[in-house]
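Engineer: One structure is given below, represented as structure tokens, and several questions about it will come after.
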Amino acid sequence: MAVATAGPRPALRSRLGRKIQDNLMAYAFMAGGIACFALFSWYPLVRGVILSFQQINFVTDPYWVGTENFSAIFNDPLFVTAWKNTLVFTGIALIFGFAVPLGLSILINEMRHLKGFFRVAVYLPVMLPPIVGVLLFRYFYDPGFGLFNTVLRGVGLPESQWTQSSSTAMISLVLVSTWANLGGATLMYLAALQSIPGELYEAAELDGASAWRRLRHVTFPQLRFIMLVLLLLQIIATMQVFIEPYQLTGTSNPDTVTVMVLIYRYAFTVNQDFGMAAAMSVLLFVVLAIFSAIYLRVTRDRD
Amino acid sequence: MTITAPIRPLPATPPVTSPPRRRRGSGNTDGPRTLFSETEIGRGKGRVVYWLVLALVFLLFLTVFIFPLYWMFSSAVKTPEEYAQPDPTFFPQSFVPETYQLAWDRMRIAKFFGNTALYAFGGWLIQIVFQVGVAYALSKLRPLFGKVVLGGMLASLMLPATALLIPAYLTVTDVPIFGWNLLNTPWALWLPAVANAFNIYVLKRFFDQIPNDLLDSAALDGAGRFRVLWSIVLPLSRPVLGVVSIFSIVAIWKDFIWPLLVLQDPETQTLSVALSRLASTSQVPPTQLMAGLAIASVPMIVVFLIFQRSIIGGLAAGSMKG
């Protein structure tokens, strides 16, 4: 009897010990990764919210200022301008960035030749460092000797001031940004197009549907999900626009100040005011979180 | 405005799928059916229209996507006078390839290129080590609270990077607990790069597909956890490691706003940030700047041409980088 009860106990203890050891081992494997997440992702999230109610001067400890940062940004005349500009940018970028990749992908998908070339060409600008596209276009946009005005002159159209006039500055920024980014969406549409079962087209054709009707009643319904996903992703990405206005029109140009540019301005140029920058970031975060939540819902329903 | 991080990876598809083999040549009818049938495109009027459209689309792509790159490479070899004349020349009439050399030396592109390469490869190494560690532990060792850790990491995909910019910058100036100031050091790029939940998710999903029996039998033979990872899991995971490596290197090479903030000392800057700074000063001859842009692009173009299958395949599988 004594032998029998003594039997399982050490085994149990050793199994427990084994389990603890296994867990320690697992966390040892994860330690570096968890530390990086904690320090550079989880902690800044909390800190950002706290900071939006604080003031910091790098000499003394941060101190609480209540909602002063928020009232300061609400009273800044650039606040409304920045949001308006960001919405305009996002809006124009959607018109181009949504329709063009869709059209291009449908075209590429119909091509029986050079498909590889089309795929590579459309994605090439996405691979370049963003600053390269922006600075190239800065030259193209030059009102004096830039390429775009040379072409416009050549075909007898009126020249444009591009980034240097307040009426065309925004659309110029959208053009660069669309050129540099549409490859990703195009290739994703293309992948979705290739997964549409061919029988659907055949059946529609047998029923006498014209190419236009096949496009409307087969292609578009099949793409609906990816269209929605890319629409949301694009809204989220374009609302964070920074490099184009930063490099092409400068951070102090009210025509093109966007939310991100304003955050940069608050923290790093004029004001050196990290509290205001953090408050602005919190607002941007809330707006983007709404779209993220919709995105999450949409993709989860699909599972 | 690049889509730097997906909010949530699209479900279902295994992380590594090569794109469907594309058809070569003309006339074979075994390809997937698309909007137009082969017969519609293959004969009569449809055939003419098809070739016309093909030619137009080809020209369009050439002009819109390839020409600007040609312009960049060819403008750099023009003399500054030819470059600045009001009617740009399509084919350079002068040929001064030394501009590239000048940019490399005098604009100190060499220095910034070296910096960026150091950041990209160091960042890649540290990411692979830490991210594989996390993914392996979560997938195969299944510790207590593993789900919580994974959830916390995936939740970070919801955060737009820019919303964290300001607090992350302040964190880097004074890392909590350790008290380090990482500004103007490579660590300011390397450590935050590890916190990339997307890579961890992709790696974990791949590791999940490796049968446990395989690992158990190795463990019975006396192999430790690390040995199993090193000699069984990693060799089997070459394709996914490749994709993750490419994405992390490309991401660091392309990044702009974060290095702009944390590397303000010109000596430590990346190529992108340095080019941005040089472009805003008037001392740099524009042809040399063009050469600088071309040099910054070459590594990415080469990576793309070599690994286009993995890159496009990874994109199609739902990773929304770039």
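Glycine too: its Cβ is placed from the backbone N, Cα and C atoms.
Nobody curates TrEMBL annotations by hand; they come from automatic prediction.
Relevant sequence annotations retrieved from TrEMBL are reproduced here:
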type: TRANSMEM; residues: A:24-43; note: transmembrane segment
type: DOMAIN; residues: A:83-295; note: domain 'ABC transmembrane type-1'
type: TRANSMEM; residues: A:87-108; note: transmembrane segment
type: TRANSMEM; residues: A:120-141; note: transmembrane segment
type: TRANSMEM; residues: A:169-192; note: transmembrane segment
type: TRANSMEM; residues: A:223-243; note: transmembrane segment
type: TRANSMEM; residues: A:274-296; note: transmembrane segment
Engineer: Can you say which of A:24-43, A:87-108, A:120-141, A:223-243, A:274-296 has the most Cβ pairs under 8 Å with the transmembrane segment (A:169-192)?
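Structural biologist: Selected stretch: A:87-108, with the most Cβ pairs under 8 Å.
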Engineer: If I count Cβ-Cβ pairs under 8 A between the transmembrane segment (A:223-243) and each of A:24-43, A:87-108, A:120-141, A:274-296, which range comes out on top?
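Structural biologist: Ranked by Cβ pairs under 8 Å, first place goes to A:87-108.
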Engineer: For the transmembrane segment (A:274-296), what are the same-chain contacts with Cβ under 8 Å, counting residues 6+ beyond its ends?
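Structural biologist: Sequence-distant neighbours of the transmembrane segment (A:274-296): 48-49, 51-56, 65, 68-70, 72-73, 229, 232-233, 235-236, 239-240, 259-260, 262-264, 266-267.
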Engineer: Residue list, the transmembrane segment (A:120-141) vs rest of chain: Cβ under 8 Å, 6 or more residues beyond ends.
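Structural biologist: For the transmembrane segment (A:120-141), the sequence-distant neighbours (Cβ-Cβ under 8 Å, at least 6 residues beyond its ends) are 104, 108, 147-148, 162-164, 172, 175-176, 179-184, 186-187, 243-244, 247-248.
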Engineer: Which bits of the chain, at least 6 residues beyond where the transmembrane segment (A:87-108) starts or stops, bring a Cβ under 8 A of a Cβ in it?
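Structural biologist: Contacts with the transmembrane segment (A:87-108): 115, 118-119, 122, 170-171, 173-175, 177-178, 181-182, 185-187, 189-190, 193, 215, 219, 223, 227, 230-231, 234-235, 238-239, 241, 258.
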